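What follows is a short report on a single structure.
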Amino acid sequence: MTRHGKNCTAGAVYTYHEKRKDTAASGYGTQSVRLGKDAIKDFDCCCLSLQTCRDPVVTPDGYLYEKQAILEYILHQKTEIAKKMKAYEKQKQTQKSDSRLESKSEERGIAERFKTRENSIVSKPINPFTSGQAKESDSQSVAGTSASTSKAESSAPAAGTSSSQALPSFWIPSLTPEAKPTILKKPSKTVVCPMSGRPLKMNELTNVHFTPLDPSLGRVALLARQERYLCAVTKDTLGNSVPCSVLKPSGAVVTQECVERLIRKDMTDPITGDKLTEKDIIPLQRGGTGFAGSGVGLKAKEARPVMMV
């Protein structure tokens, strides 16, 4: 027995703490790990490339993108939509041609049935002196046909039972299941935002202008620093922990505290002097990567085989 109580191995019961310790050491079970700073996207990085933006633009929902990346994405989506629309139109044309062929075959069948019915009609004149003999011959022929049909009906159940008892040959091509072509649905022509899933247009993108901490620094030296940008009004340092907003007329980035305390009083852009509306103040989305959503208390879970006791 060891001196410390937590390392005691002489107990008859496998405690929860011992199981948790062995689970962490062996790698079995579900491991919960708090995501660190490296797993969260910076507020000034593109949501597509996850790199610091050179020419940033923001959507009406507050997602920041590199201008080149989002324009390439929109053009790619339009190309894909055009391809899907072309395939859908081709399928539509083939369906129309198939329906025309089916309608023509139905018309041909109707015409053939009409011809057979018309050919069975008697068009010869009836002789009144031989009408009795004709009636007798017709009655005999009707009796013969009824007898033949009764024999056929009596023999039909036997054939039906024999066919039902016999198993079908599944290897015959006519009995095997067919792989029918997939029916395409009409694609939507609207391009959606890759993050929010809402419709996105090029003219809705707003250019963003960050205020650098030191204008004399170059781009490489600025990106090497942890604190790079300031609020355009209050000169507070911006970061992931600081809620920010973008003013649409000027594209300036200010803190949410500045918006609530200063800008909302007169609803005027402090950079350009233009009047603002609620749509002109775009809250900037912060945090989140391709693997985790934005928010507080992000956790990653990995399910592993549970160690049986």
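Indices start at 1 and increase along the chain as displayed.
Glycine too: its Cβ is placed from the backbone N, Cα and C atoms.
Residues 183-184 of the same chain lie 6+ residues outside the compositional bias 'Basic and acidic residues' (90-118) yet bring a C-beta within less than 8 angstroms of a C-beta in it. Sequence annotations record features per position, and here TrEMBL assigns compositional bias 'Basic and acidic residues' to 90-118.
Annotation source TrEMBL lists compositional bias 'Polar residues' at 128-145.
Annotation source TrEMBL lists compositional bias 'Low complexity' at 146-159.
Residues or ranges marked as domain 'Nitric oxide synthase-interacting protein zinc-finger' by TrEMBL: 4-78.
Residues annotated as region 'Disordered' in TrEMBL: 90-164.
Over the domain 'Nitric oxide synthase-interacting protein zinc-finger' (4-78), the average per-residue pLDDT in this prediction is 80. The DSSP breakdown of the compositional bias 'Basic and acidic residues' (90-118), given as helix, strand and coil counts, is 29 helix, 0 strand, 0 coil.
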